[in-house]
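According to Swiss-Prot, the Mg(2+) 1 binding site annotation covers ASP7, ASP141, on the basis of sequence analysis. Sequence annotations record features per position, and here Swiss-Prot assigns active site to ASP7, GLU68, ASP141 based on sequence analysis. Residues or ranges marked as Mg(2+) 2 binding site by Swiss-Prot: GLU68.
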Amino acid sequence: MRVLGVDPGLTRCGLGVVDGSNGRKVRPIAVDVVRTPPEMDLGSRLLRISDAAELWIEQYKPEVVAIERVFAQHNVSTAMGTAQAGGVVALAAARRGIPVCFHTPSEVKAAVTGSGNADKAQVTAMVTRILNLKTAPKPADAADALALAICHCWRAPMIERMARAEAMAAEQMRKYQAKLAEMKKAGSR
């Protein structure tokens, strides 16, 4: 499975592509950071991120895009910019019919380090080790993008099993409710 991991941000948006195979084997394909200057107007910044995402999607052909889920941050404008950057990448994927999954920072940290409270240095060290890289990806946004891709490769089988279980439960509930309605109808005759 080829995954494009995205650490969204207006100033720095990390992009990382990883190939995952059976088990926990992952292989790095590409990593970079899209930068936009703060003095550039918002529309131009989002367009630059969107253009880069579209280029990466065309070039690397991911099967899924994994984006860091924005959570409450102290700085509202930072959270808004992060959400907007993630949104344009999600839209680029959706236009091509590529599934988009969101993972929280703690899910990503737990997947690659074993602790949802790991710091950026620990995440970078583990990404470097897991992918057998000669040098650590820099800046941290690049390492985070790779961590998102790794996290998705490792969590995807569980996510699929949960989705199948939920679908089966919904189907069982539908059948049960239909049978109840049938029994109720028969009882009122």
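Please read every residue number as a count from 1 along the shown chain.
Each residue, glycine too, has its Cβ placed from N, Cα and C.
Overlay of Swiss-Prot annotations on the structure.
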residue : record                : DSSP class
ASP7    : Mg(2+) 1 binding site : strand
GLU68   : Mg(2+) 2 binding site : strand
ASP141  : Mg(2+) 1 binding site : helix
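A separation of roughly 6 Å, to the nearest angstrom, links the Cα atoms of ASP7 (Mg(2+) 1 binding site) and GLU68 (Mg(2+) 2 binding site). Each residue contributes its Cα atom, and for ASP141 (Mg(2+) 1 binding site) and the residue listed as 'Mg(2+) 2 binding site' these two points are 11 Å apart. Under 8 Å, Cβ to Cβ, and six or more positions away along its own chain, the residue listed as 'Mg(2+) 2 binding site' finds VAL6, ASP7, PRO8, THR82, GLY86, PHE102, HIS103, THR104, PRO105, VAL108, ASP144, LEU148. Taking the binding-site residues ASP7, ASP141 in turn, the residue surrounded by the fewest other Cβ atoms inside 10 Å of its Cβ turns out to be ASP141.
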